[in-house]
Amino acid sequence: MSLSHQDVARIARLSRIAVTDAEIDAVNRQLNSILGLIEQMQAVNTDGIEPMAHPQDVSLRLREDVVTEPNRREACQAVAPQVEKGLFLVPKVIE
Amino acid sequence: MKWEVVIGLEVHVQLNTVSKIFSGASTAFGAEPNTQASLVELALPGVLPVLNKAVVDKAIRLGLALDATINQKNVFARKNYFYPDLPKGYQISQMELPIVEHGKLNILVGDEEKTVRVTRAHMEEDAGKSLHEDFHGMTGIDLNRAGTPLLEVVSEPDMRSAEEAVAYAKALHTLVTWLGICDGNMQEGSFRVDANVSVRPFGQAEFGTRREVKNLNSFRFLEQAIKYEAQWQIETIEDGGKVQQATVLFDPDSGETRMMRSKEDAHDYRYFPDPDLLPVRISDEQIARVRGEMPELPAQMKARFVDAFGVTPYDAAVLTGSRALAGYFEAMATASAQGKLAANWLIGDVAARLNREGKDIAELPIDAERLSGLLVRIADGTLSNKLAKQVFDAMWDSGLSADVIIERDGLKQVSDVGAIEKMVEEVLAANPKAVEEFRAGKEKALNALAGQVMKASKGKANPAQVQEILKQKLA
Amino acid sequence: MIHATLKQLSQQLADKQVSAVELATEYLQRIDALNPQLNAFITVDRDKTLLEAAAADARRAAGTAGLLTGAPIAHKDIFCQQGWKTSCGSKMLDNFISPYDAHVIEQCRAAGLVTLGRANMDEFAMGSSNENSYYGAVKNPWDLNAIPGGSSGGSAAAVAARLAPVATATDTGGSIRQPASHCGVTGIKPTYGVVSRFGMVAYASSLDQGGVMAQTAEDCALMLNVIAGFDERDSTSLERAREDYSRDLAQPLAGLRVGLPREYFAEGLAADVGRIIDNAVSELKKLGAEVVEVSLPNTQLSIPAYYVIAPAEASANLSRFDGVRYGHRASEYKDLVDMYEKTRAEGFGSEVKRRIMVGTYVLSHGYYDAYYIKAQKIRRLIADDFKAAFAGCDVILGPVAPTAAFNLGEKSGDPVQMYLSDIYTLSVNLAGLPAMSVPAGFADNGRPVGLQIIGNYFGEAKMLNVAHQFQQVTDWHRKAPAL
């Protein structure tokens, strides 16, 4: 499995990471070498094995439906890039 | 060519928990922007989700009500996409193992009952809101709604008309409010409908290419949007075009649908099990507990109303349109022992006055027991229907009981044969022309005479008796 | 005093031989003197530290102090700490002052530990050399040309150079054990779920686990007593009774069954490292341990499985860094998508971007089963290998890394070469087991080498017992670099 420049551009776009024309060769090469490493898995037969998503086989704990979080807008928005009237501002969203 | 419209609905039901699905932030509607966005909703580095138990219970409720399978192991997954109102860059949802699958919901279209299959219902978190008012050409993001619990209820493409789709949406709306899991407020977005619409030539087995219509926040818009969209697809195909799979937005102002620009990217949501959340396991005991806490369902209640109170299936369906109405009916029918009369009154005069005053059944100023007193007086012949209406209005306005009003206003129906005979004789004497016409075979003349007698009695004479005595005297 | 262990410092504090302010001042001076060459700390804030120290002294005076109140600590820059910059080694969070405390930080504050500063690390904990920090590489105190290991390289270098007696750290694929080994300090990564991940900036959620580094196993036990424990804000935190991790330290090792996985001593292990591990095993035998050979046949597969699972989880975990609510935002952009793409291209370093893209790819449509599900199946095979091995032994011993610390710049151009050096540490994270690195000697080039001790689930006290007994008969852990 070898990625093309086009594949890399698609992955970069999905990842929302700009990759410049100057970078794409190196990125492409490195991703291909990592995928080459990953390919080793395909040599193993894993039929019938249940995928393991978590180290511990336990069930989800649930919390009671109570309000416990106070309003901390001021503290949280102190680190925000751009705020106005309590809203986070972003470049115009077009639906 | 004749075309068939095929519709499946995806409904986002906001659950009425007090706290969010994954944090202890409040879900109250209408707060100042971002004052109900806790660290978890803001997706600060290092914060983690913890599932609200009430969300699971409410999902089980709906699953049981839809006669569905409750998956006793279900799994949260991350749905990845970038959007400013989605702070983590992924939505926590359920993909491969949703909590509810294989349900069904019966709908009534006209007189015809139809079963719509519910594919699945899964738990997920709501996104925040983007406010497009002009902030120097920027968009403002309010994350108060982010993390509000949702059940996304997905139907099979079982509906064949806008009317059926509306009937399904209404039935689901009734059910979720009935179950007490959603406030049903469509203006505030508590019940949001997306419609997957496609068309195909009648008789064709394969489905056509579908387009998903978003942003349908009223039943009226749902109907308009489906009709517009189906017509658009038919015209597109008939003009030699092809329908492309797409997400479109319904614009209530123009009544049209249009492509969403932000969704032009081919979607690749990269779902995978959320490693921050373990599988949800639901015990038999939890299901039994939820079942025990559930109210009687509309379908069961409907059948019981037909059975116990002798109302028609149609009336029973109307009466089970909301839990409040059904409860009122049952109390009234039981207290008065007049099921059919209670149904007629609730669907007729009571509904009319509520409608006129813009009120809901919960705001009816007369309680069921008091109103049943009116029915008793109709049933025992004390009140004619006409007088009963008068008494009803007086009860509404004064808050007094039927008996007190009847007494006070002297509205008791006159059933004294002698008194009625006297009035009949006077009317016959005063209307020789009508008498002649009747005898000449003009049946209508009898009604005119009866009307005169009723008028003479100031509406209090028993109408059946009046008819009977008139016929005797004219024979 | 600088060479004192945490245990010794706590005794001195209790005996009023030294105050918390005096201790903090002494360490801060040493940091001032040595950090410019080592780069072990990203943030040092003398005023904040002294304020915490004064509060600790007040607790000592008021009689409300705990065992460790007043002892200094360095925190890996991955733990959110209110009022402190929490950068996670990234430009993305260079301006992020955390508005809240991680559970680990809360526990340390409650114990009265005094924050000396925030330790450098590979960006978002991705790396094995600490060369991936936005704030520059950390130098190995034993040899300034060597890497300190990663990702908790700052924590390891700080403890090794005696800039802090203990440090918090995290381990996703070896990030505690490997730098501990390379810097000659003792480090422990507990069983997954023992230390809350709340407030620990996530790299790979199903693998990340917080832990500590110190000079001795005994100090690690004391620190684990502070930071371990159930936290309802982390759904993967395990509800278990509190334990005293130091309870078994003094137990004799007679009858202990030590498993040596043959795959950990196969081709690829440097001869000098192999010799050091052999010697360590001999010491344990002298203490009465019995050696059994075990097999972990899928060890080699841990590398591809890890480099699918970790990047996949990371690709989603790092999506929140979008320039909207906190952190870096590009200064120029033409629209929303451009803002995202530039912000993330500028804010993340190249290794982080690589892993995000690998993760995005393996989860993308059409590849999910071939990569992600496959990796999870292999993950189960690896966990099952350990299950089988632990049927015949109490702890598993082996090397931490194939070689002693390599040179700065040696592998930074070739990510795959770097990944291959994680061979002995990744399996433990995939299985969720606890493991340690304990100083065991020096390689031919004079750089430290650690012995890895892998425990069964919740076997922390047993591992610490083995490590402590080993440290009673060896002095590798007492050696400090000349600086």
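Yeah, the Cβs are placed from backbone N, Cα and C, and that goes for glycine too.
C:Lys76 (active site, charge relay system) counts 34 other C-beta atoms within 10 Å of its own C-beta, drawing on all protein chains shown. In the three-state DSSP classification, C:Lys76 (active site, charge relay system) falls within a strand. Annotation source TrEMBL lists active site, charge relay system at C:Lys76 (among others).
What TrEMBL records for C:Ser151 (among others) is active site, charge relay system. Counting only same-chain residues at least 6 apart in sequence, those with a Cβ under 8 Å from the Cβ of C:Ser151 (active site, charge relay system) are C:Gly89, C:Met121, C:Asp122, C:Ala125, C:Met126, C:Gly127, C:Ser128, C:Asn130, C:Asn132, C:Thr170, C:Thr172, C:Ser175, C:Pro179. Taken residue by residue with DSSP, C:Ser151 (active site, charge relay system) is part of neither helix nor strand, so it is coil.
Residues or ranges marked as active site, acyl-ester intermediate by TrEMBL: C:Ser175.
The domain 'Amidase' annotation in TrEMBL covers C:22-464.
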Other C-beta atoms within 10 angstroms of the C-beta of C:Ser175 (active site, acyl-ester intermediate) total 37
The average per-residue pLDDT within the domain 'Amidase' (C:22-464) comes out at 97
